[in-house]
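Chemist: What follows is a single structure, and I will ask about it in a moment.
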Amino acid sequence: MASPPLRRFLWLYPLANGGAYIAFLPLLTLIVPLRAAEIGGAGKVALLSETLAAGVLMATVANILAGMASDRTRARFGTRLPWLWIGLAASWIGYGLVLAARDMIALILAVAFFQAGFNTLFGPMTALFADKVPDRLKGRVSAFASLAWPAGLLGTALIGLPAFTGNNGRVLALIGLTALLILPLLLAWPRALADVPTPPAGADDKQARPRLSATFYSLWAAKLLVQLSGNVLHSYFLFYLQELLRHPSPHAPPTAEIGFAGIMTLSTIATALLSIAFGHSSDRADRRKPFLLAAIALMATGLGILILGSSWTAALIGYTLTTAGLGAFMTVDIALVAQILPSDRHRGRDLGVMNVANTLPAMIGPMIALTILDRMGGGYDGLFAFLLCALAGSAIILIANRTLR
């Protein structure tokens, strides 16, 4: 049975993780695209692409540096807490800078600042899962921690409702939600909860490390391609809905933002249910790879529907399936990554490296989208077809690796 400090942590950590996703998903998928449209006008796609790319470059560096810094404070003082406080405060400041931006350069710098602050929070927070959760509980906890993704989608849906008519109100709502979900963990920090024991270095450890590293980077590559598909779809889905509104339909909502909020709400429910099911099932089966492949297949089905149908019904079904598949993939991935870290002594650093698979797609994705949509004239069907190819590559990598189970 879990000790009282562990039980408290197992409640507070998923809430804080959900708050972290709410901190960035609504900002980057709704508020920043709207600000890019306000500032960039006809060049909104190019501005959004450049802004997201610059932000993700900052996020990649900040996450690794924050992970390394928190490894040091953990080794010396036994805690990663200071970095979480700094990161949360900087994230809130970043919101204000995004609202205050009046030109292209200001928007790019504001998003870069936000990404630096957010990843100072998120990098050490991710390492807490490996620090505190025993292996016997990783599957179950990852199932609930994975609800952070649908929580982020739900946050996006909420601030997209007509009640929030401007970005100022949306940002205030984000600050309130993140404070409500993240501050309980910081204020009730589990000082009495010891870290998961680290095995002493020895011959077996040195022999196993190369094998673990190879498996780690195979999963890294597969995750990168899955995240590329999900990130590009999320970043440009609002623009896709705006294109649909140009074709009259009896089922079309009054605005793309309202349709976006409705689709987000339904996809959030589906993602939450499927994430829990995949997390618990992979734990009981003691196998992760079959569930990762099933999640990829679900994402591919959703993208196929988006390609074949150009209607609000197809948008709802296709986006929901793709998002639910991504959520299920990330659920299983959380548990698997924590089990195959090459070095328990450098969890923050290694998880920062793994996080590059999350951030790099957000940097190269806008470039790919810009090339396909603006320069090649491939349209959204061409973009979605490219994402299908990325998913196929991810599945091939997972199937080819014999160590992953």
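Backbone N, Cα and C define each Cβ position, glycine as well.
Caution: TrEMBL annotation is automatic and unverified by curators.
Checked TrEMBL, it gives:
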{"type": "TRANSMEM", "residues": "12-32", "note": "transmembrane segment"}
{"type": "TRANSMEM", "residues": "52-69", "note": "transmembrane segment"}
{"type": "TRANSMEM", "residues": "81-98", "note": "transmembrane segment"}
{"type": "TRANSMEM", "residues": "104-129", "note": "transmembrane segment"}
{"type": "TRANSMEM", "residues": "141-165", "note": "transmembrane segment"}
{"type": "TRANSMEM", "residues": "171-189", "note": "transmembrane segment"}
{"type": "DOMAIN", "residues": "215-405", "note": "domain 'Major facilitator superfamily (MFS) profile'"}
{"type": "TRANSMEM", "residues": "258-279", "note": "transmembrane segment"}
{"type": "TRANSMEM", "residues": "291-310", "note": "transmembrane segment"}
{"type": "TRANSMEM", "residues": "316-341", "note": "transmembrane segment"}
{"type": "TRANSMEM", "residues": "353-373", "note": "transmembrane segment"}
{"type": "TRANSMEM", "residues": "379-400", "note": "transmembrane segment"}
Chemist: Check the transmembrane segment (171-189) against the transmembrane segment (316-341) for contact, please; criterion is three or more CB pairs under 8 Å, pairs 6 or more apart in sequence.
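Modeler: Between the transmembrane segment (171-189) and the transmembrane segment (316-341), contact is absent.
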Chemist: Would you report the average pLDDT that the model assigns to the domain 'Major facilitator superfamily (MFS) profile' (215-405)?
Modeler: 85
Chemist: Who are the chain neighbours of the transmembrane segment (141-165) in space, where the CB to CB distance is under 8 Å and they lie at least 6 residues beyond its ends?
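Modeler: Distal contacts: 10, 13-14, 17-22, 24-26, 29-31, 129, 133, 173-174, 177, 257-258, 260-262, 264-265, 267-269, 271-272, 275-276, 278-280, 283, 323, 326-327, 330-332, 334-335, 338.
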Chemist: Can you say which of 12-32, 81-98, 104-129 has the most Cβ pairs under 8 Å with the transmembrane segment (52-69)?
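Modeler: Most contacts with the transmembrane segment (52-69): 104-129.
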